[in-house]
Ligand code: NAP
């Protein structure tokens with residue numbers, strides 16, 4: 001309550017220094033009524049007052065409202081009194097299940113604009129929306145859906161913080177115009193979503209939890225489980241069972257996680273480019289770009305950004321984990337430089353090939369992570385919006401393939417020639433880094449095929465609208481006419 005008071009004071013201060021363009025409007029702003037005196041009503045009233053609007057709040061029981069809860073500029077009345085004061089706009093800041101209890105106000109609300117700010121109770125978007133039900137209950141009023149996607153926090157933090165978009169829909173152009181005007185005056189960006197039937201979509205919008213992320217997160221998690229489980233079986237459990245108690249379970253917390261993360265990062269990065277290649281081969285095979293992709297491919301194409309960001313996350317975590325690896329790793333690298341053996345006192349031979357391998361492996365990894373960071377940064381809307389289409393494609397496709405190649409090289413340098421030793425296949429199980437490069441290598445090979453001049457030229461023509469004879473509707477028409485096919 002105290003923090004609310006502080007924020008209220010802050011907003012009241014803001015209201016005294018309202019932007020110059022808001023001033024002329026506030027002097028002429030008609031009174032707006034809010035029905036209900038709950039959290040949303042308080043925050044909305046604060047914001048309206050700060051925007052220079054005269055507000056009257058209608059409550060079932062005015063005496064129950066503690067003094068100082070609303071700014072002094074807000075008038076507190078009973079519901080009928082508030083509605084009668086409102087020139088044309090009335091906000092319904094009550095839950096939709098209580099709309100029926102307001103039926104007595106039907107005639108007082110006739111001809112006024114009712115703003116339905118309610119959220120959906122569940123994700124079910126079947127059946128009428130709250131706004132449509134409100135319109136049925138008050139047929140003589142103009143119902144507008146809006147402001148439900150704005151939280152009380154966003155209403156209180158002022159125009160310069162939080163989300164500024166307000167989705168609005170209504171069947172009444174006049175009502176929508178009035179709400180759009182008010183939203184602008186309050187410092188929001190109104191977005192016209194069309195007729196009242198769009199209310200269903202707007203009501204469930206605040207309930208959605210990262211809708212475009214669920215698929216990529218599940219895929220990444222399953223990949224991690226696979227590589228972690230595989231590494232556990234191959235490197236810890238089977239040797240433990242076979243060698244009668246050689247305990248390497250300490251590797252579970254750090255080593256195994258650090259082995260699984262780069263494998264997941266690599267496969268996820270390959271999955272970013274796989275659907276694009278699939279789409280290209282499909283277009284080549286069909287000989288046209290005017291046929292829709294299957295819906296699973298469409299969905300996959302739309303999730304590439306999320307997959308890329310998750311790949312970046314795994315790669316970054318792998319980098320941090322590698323830096324945190326215990327001292328034994330550092331000792332392993334220091335073995336590559338000549339020094340006196342602590343055991344025999346003799347000088348170790350200089351393993352030049354080993355040093356090359358380790359340096360190339362580290363260098364490719366760091367460069368790959370660097371390029372991947374660039375991709376992640378340009379996928380941010382604020383950065384991406386500053387690039388033109390060619391620059392964006394260059395970064396996301398050109399640099400993306402460079403990141404993929406560097407990551408594959410990082411993995412291959414790590415494997416070096418060990419992959420050809422029989423010891424690398426205990427229990428006939430290849431190392432996980434070998435499994436991890438399969439999909440990325442397929443992606444790179446397919447991409448190289450697409451760059452062959454004969455294929456590249458045909459694909460470019462298809463993407464510029466050319467169609468093969470069996471798909472071209474004009475040629476098909478001529479064929480039908482020439483052969484007299486009815
Ligand atoms: P709230 O704090 O519970 O306030 C609801 C108000 O409705 C009460 O203060 C009460 O005011 C009035 N009310 C309660 N029972 C009633 C009844 N039987 N008949 C008539 N009026 C009744 O709820 P809220 O958080 O402000 O939410 C109100 C609406 O805003 C909801 O539809 C919600 O979905 C929407 N919304 C809320 C938020 C948010 O962040 N809170 C964000 C977006 C949208 P009186 O006692 O003064 O009449």
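Using N, Cα and C of the backbone, Cβ positions are placed for all residues, glycine too.
Database features, via TrEMBL:
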- 31-120: domain 'Pyrroline-5-carboxylate reductase catalytic N-terminal' (DOMAIN)
- 217-241: transmembrane segment (TRANSMEM)
- 261-285: transmembrane segment (TRANSMEM)
- 263-395: domain 'Ferric oxidoreductase' (DOMAIN)
- 306-328: transmembrane segment (TRANSMEM)
- 360-380: transmembrane segment (TRANSMEM)
- 392-413: transmembrane segment (TRANSMEM)
- 433-456: transmembrane segment (TRANSMEM)
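Within the chain carrying the transmembrane segment (360-380), a Cβ under 8 angstroms from the stretch's Cβ atoms is held by residues 269, 305, 308-309, 311-312, 315-316, 319, 387, 392, 395-396, 399-400, 402-403, 406-407, 409-410, 413-414, 416, all 6 or more beyond its ends.
When the stretches 306-328, 392-413, 433-456 are ranked by Cβ pairs under 8 Å to the transmembrane segment (217-241), first place goes to 306-328. Same-chain residues lying 6 or more positions outside the transmembrane segment (392-413) and placing a CB less than 8 Å from one of its CB atoms are 262, 265-266, 269-270, 272-273, 276, 308, 315, 357, 360-361, 364-365, 367-368, 371-372, 374-375, 378-379, 384, 433, 436-437, 440-441, 443-444, 447.
Confidence over the domain 'Pyrroline-5-carboxylate reductase catalytic N-terminal' (31-120), given as mean pLDDT on the 0 to 100 scale, stands at 95.
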